[in-house]
Structure formats: structure tokens, C-alpha cells
């Protein structure tokens, strides 16, 4: 069973456990036949077992110039060189017609209404395939059924379902109409209005919607509008959002031209206008005034599909990167032998693994009847969209110049991916939703405890239990929550990291509530750190819980151990920031920097060249410098230069730095930086100096440890390089800000804020050298099979 859903029950549905090759290659008249799918093993949300083995390298055939094989799956075959949708603002009519005939637009509509009746897990598998090949088509399908007519499935009356579900599975597109010019993330502020007629027979709708997927082609729409609602208790009338089912055929419904978008171009996106549209009373969706709840539940219900689609996209990017890395030879070796590429492929594989795990965990829980999945769905949408963008970017970087070429396909993927952190709830808002949901739960517990203290005699048990819990936690005796009976023995250490993160998370939430109270909703710097810690904790819970062996278990073990080690450090770091006085000061400075920028409408500081009276070197001065050899200080004398030693050259640039600090960025000596900066920058300069000193020590220790072999330790070299970037940029901004402060420029205080904040944030001591070998192994496994090693959690 998968998440409590027995595969034996699938025979009652139009399509059983997703065997795509059978279902989608069948004619429409055969779609009602159930097909049993032997998976050979049981899978649950707590046991994401897979079946693909890590292949031995000798047995792995080269993938060069292998012709695409035809399968019985329509979903697969439409992508085998036949689909060219990148620049089209529509889906090809033949492809669309075939999808309609095969039930592709009614995947989750019950069979009695003409749909396939797929479960959420089966639906996730379909969109994963689409996401692998073309996100534009995935959006067309998703906008239609994941949100377009989802409201009818969730809230529709029997009469509404009987009327509209057969239509939306047999040729009529659906759309979800919420966003307006004046309201994006703030859905409660929409201005479209619906007025109920005096006789109660209909509503009159006026307003407009923008950026509606399928907006130019939809015949059936779920539309949200404000409506005056009278409170029966107080008699006061207030506007509340209400949901309606609107047909284009009602009249008064028009659409704008297709929007010219960055990506997902084959999906139709357009504005929709409603002018005196008469909506029959029976087309009210849900109850009057409860439209906001309807909208949020529709979006929450469909978000898991996005992470499933994006896991397919990530698989595509990884395959592209692996194929290039295993064939491209540079400096005598293929790219996959270099640590830099190994780290990229390893992290890409882990992000894909976690995203896929989230998608199928949530879909499985939904299929098992769980109603409490909204928080996990929000996390999966944020995590998946941000991870897919990172994976695509790293795939392009792995391919180098080829990645920038359109024929590679990754350029289209990057354009398509950019919308995912934005629509169906921007990631920024969803992050706040995640953190505030956790805080709300903790707040209810604290309120219960507060009430108990008001009557301590009657609630002595609760008070004693809470006091004991806090006391043991304070002295380190309390054990964190454990997954001991759920995880494989090899994952005990990783599970312990997850348990510790869960415990720390609860403590930080509670302390924030005590400190800020209701004001926590305005502390978004803090809420974002809490959310990121939740992101890192939630996927660990999904990955750690493995009870069943599979052929590629060792590869998954590597990924899970590596992920948990890094995620626990990130979670701890973000939670520490919440209570760190230094970090809170940085948050305050960032807020001031933002306000300064908004006040002037752009960058506050002027360009460095605009700060002096001349933006060029005086001709006489330049001529004198040429005559004195100032432009050939280290050129050998036989070639007309001064032939200075490095020490002599250093003295010259030190003098230059004294007069013009633009040249001082070349100086990295411990004492020179402190002497050159403005007094207000002393603390920041000390951080920079400390970084310079530490940098030298680390370089020396690495040379002693690795000797000439350091050239092959690219995981380490990349960290050293990043430290050099951070140290160097500190010196640059210190120099520039000192000039501004010395000259009392109008932007000096603003630049001081930015420099202090930058220098404080660049200093970090958390380095994870211990996981580099695991990342290398993950990369090698991926390169051996030419793509993601683990199969889909369903066994595909």
C-alpha cells in the first residue's frame, strides 16, 4: 500500500496504479477498463522505496546518438521530437485533441462523469512526465484541472458536478480567476463585485482578472468576487469574497490577447473582463462570503502537483548535465572526474531526490484521507521551485557554452522555471504562511498553559508536566523526539540530526512568541529564517524514514546522510540567527538600507567616477607618470621599464593607496586595512583583517596536508575561492565607503550601513569538509547510469 491506500482498491477506478504505457495508449473507449499494475513492493509515505539499481559502469551502454524508442505511452511519445511549443502561444490542435480523447484533461474526474478517476499519486506521476519534457504543456493541463475546475470537485453540489465535470473532461477548458491588477498575493483585496438580484435568482458580476492561465480559451471559470454580506448577529454589512462558476456563454465575458511571457509560452495566459455578467444563483460555489476559503483550499490542494512536475524537470536537467560531463574531455579527463563537477551533480541529485520525496509523500497522504497537508504542500512548492531553478542553473554551468545554446534545451527550461516561485502563491508569502502556521500552533499551547496558571489548583497536572519538561530540557536531560522504530539502522545518526532540529525548532518558536507576542507577524526577517529551518527539517523527515531495502539503497543512503548533515547545519544556523543580537542588528541595517533606496527611487550612492571633480586623469599628470615609468614599474629595464621588485612595487602602490583608495584593494596586509579605513569602519575592518589572517592560515595548512595534491581537491579549493571572494569584497567596500565618509558625501551613512552589513554577513565558520567524499560518490553513481539513479517512488 502507498500512504494507507491499498492498490487492491484501484480496480474500482477508471485507471489503476499508473501504468502510463497502458492507460494513455488506450483509445478513449477503453479508458474505463482497469489495469492492474504489479509493483513488486509496497510503498508508503514513510517508506519511499525505489527499484532502479545502480548499474555497473561496464554494463552501462554509451548513450551517444541513441535513437528515441517508441513506446505505447502517448504521454511519452508526444515528446519524442514531435512537440515544439517553446515559441507558440498555444498547444498544437492535434496534440490537444489527442489529450482530450485520452482523458488527459480529466485525470482526477470521477469515472461516472467521464474522467479517469486517478488518485493524487497517479496524477503526480502524469505531471512528473510532463514536467520532464515541457512545463508549458504541464501548466496547460494543471491550470485546467489542478485549479481550474478543482473547486467544483471540492465544493460543487451534486447538480454542479453532474453538469460541469462532463464538460471539462470533454472539450471545454477551465480557468481559475483570482488575480487582479490591484491584488496579487493579497487575495482578500480583490475589487471585482457581484451583486445579488432582488429576487435572489441571479448575481450580476463586474470586474476584471489578469494573468489567467487558459484565460483566452476557457469556457468554464471559477471566479472570485467581493459581495456585500450581512452579519446576522450584528446586522453590519461587509464585503466578503465569494466564489462562482461562470460560463463564457453567459454573455459579458471577454478576454484580452495572449500575454507575451518569458516562458511557458505554449500555455495560454490572458486577461478576462466581466461586464454585467448574470450568474444563476445555482452557480454559487460553496457559501456566500466563503470564497477566500474556497480559493485557498483549491490552491493548497493543487500545490503538490507542482513539486511533482518540477521533479521531472530536474531529472531532465540532471540527465543533460551528466551526459555532457561523462563525454566532455578537458585537461585529459572527462568532466565528471573533477571535484567541482562532482559537487554540482551530487547536489543536483540530492535536491531532486528531496523534491520527489516531498511530492509523493504529500500525494500519498492525501490519498490515504489526510486533510492536514496544507503546510507540507506549501513547503514542497517553495522547495521544489527554488531547487529546480538551482539545478537548471548548475546544469547550464556544467555544459558551459553549450548550455547557453537554445538547441540544448536548457535555455527554455530556465525561462519556463522562472514563473514557479511566483504564481499559485509567491514563495515569499508562502514562507510567511509556513512560519506563522507553526507559531500559531505553538501559541495555542502557550495560551492553554496561561489559562492553567489562572487556576493552578484545578490544572496542577498540566503545570507540573510543563515545568518538568522545561527543567529537564534546560539541563540537557530531555531527549528530543525520535524516529527510532521507523528508520533503518544505517540512518540512525541522520535521524538523530532530524530529531535535534525538531527540538530546536520548537524551542525557538516558543521563545519568539514570548519575546514578540502578536508582533511576530511583522518580524519578517525572523519569520523567513524560521521558515528556512522548517524547510530543512521537513525534507529530512521524509528522507530519513526508510524501512525497506531496494537495489539502489546504498545510493539513497549516501544522499540522505549527506542531505541530513548539511540540512541540520543550515537549520541550526537559521535558528541561531533568530536570537543572535548581531544578526538582529544586521536585520535592522538591512531594513534601513531598503528604506533609503525606496526614498530616492533607486541606488542611493553615486558612481565612484562621479565623486571626484574630474572623471579622467589630468593630461599633464598622466604624461609625467609615463615619463617617470609609472606605467611600467615591473617591466624589465631592457624593455624600458623600471624593473622594480615586488617589495618596491608594493611600496609604490601603498603610496597610491594613501591618496586614492581605489588602488588600496590590492593591499591585504593585516595592519594596512585597519590603518586605511574611517574610524566608523574599525569593527568591519577588524573582521576583514581577521579573515585575511585566517585565510593565510588555512592556505598554509592545506599545503602542508595535501602538498601538490591540492590541485585535485576541488571541493576544498572551491571553499577557499569563496572565502577569497568574500574577503576581497570586504576590502573593496571598506575602501569605497572610507572615501565617502572622508568626503562627507550625502550617501556616506547609507554606504556605511551597507558595508557594515556586508562585512558582518561574510564572516562564517561553518564548513562541511566531511561530506565532500559522499558528494563525490553520489556524482559517480549518477554518471554511471547516465541520469538519476533512483527510480520514481512508484517504481518507474
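Each Cβ is built from the backbone N, Cα and C atoms, and glycine gets one as well.
Here is what TrEMBL records for this protein:
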- 87-172: domain 'Acyl-CoA dehydrogenase/oxidase N-terminal' (DOMAIN)
- 175-277: domain 'Acyl-CoA oxidase/dehydrogenase middle' (DOMAIN)
- 289-434: domain 'Acyl-CoA dehydrogenase/oxidase C-terminal' (DOMAIN)
- 489-602: domain 'ACAD9/ACADV-like C-terminal' (DOMAIN)
- 614-673: domain 'Acyl-CoA dehydrogenase/oxidase N-terminal' (DOMAIN)
- 679-786: domain 'ACAD9/ACADV-like C-terminal' (DOMAIN)
Looking at the domain 'ACAD9/ACADV-like C-terminal' (489-602) alone, can you tell me the average pLDDT? 72
How does the domain 'Acyl-CoA oxidase/dehydrogenase middle' (175-277) divide up by DSSP, counting helix, then strand, then coil residues? 6 helix, 57 strand, 40 coil
According to DSSP, how is the domain 'ACAD9/ACADV-like C-terminal' (489-602) divided among helix, strand and coil residues? 102 helix, 0 strand, 12 coil
Residues in the domain 'ACAD9/ACADV-like C-terminal' (679-786) grouped by DSSP into helix, strand and remaining coil: 95 helix, 0 strand, 13 coil
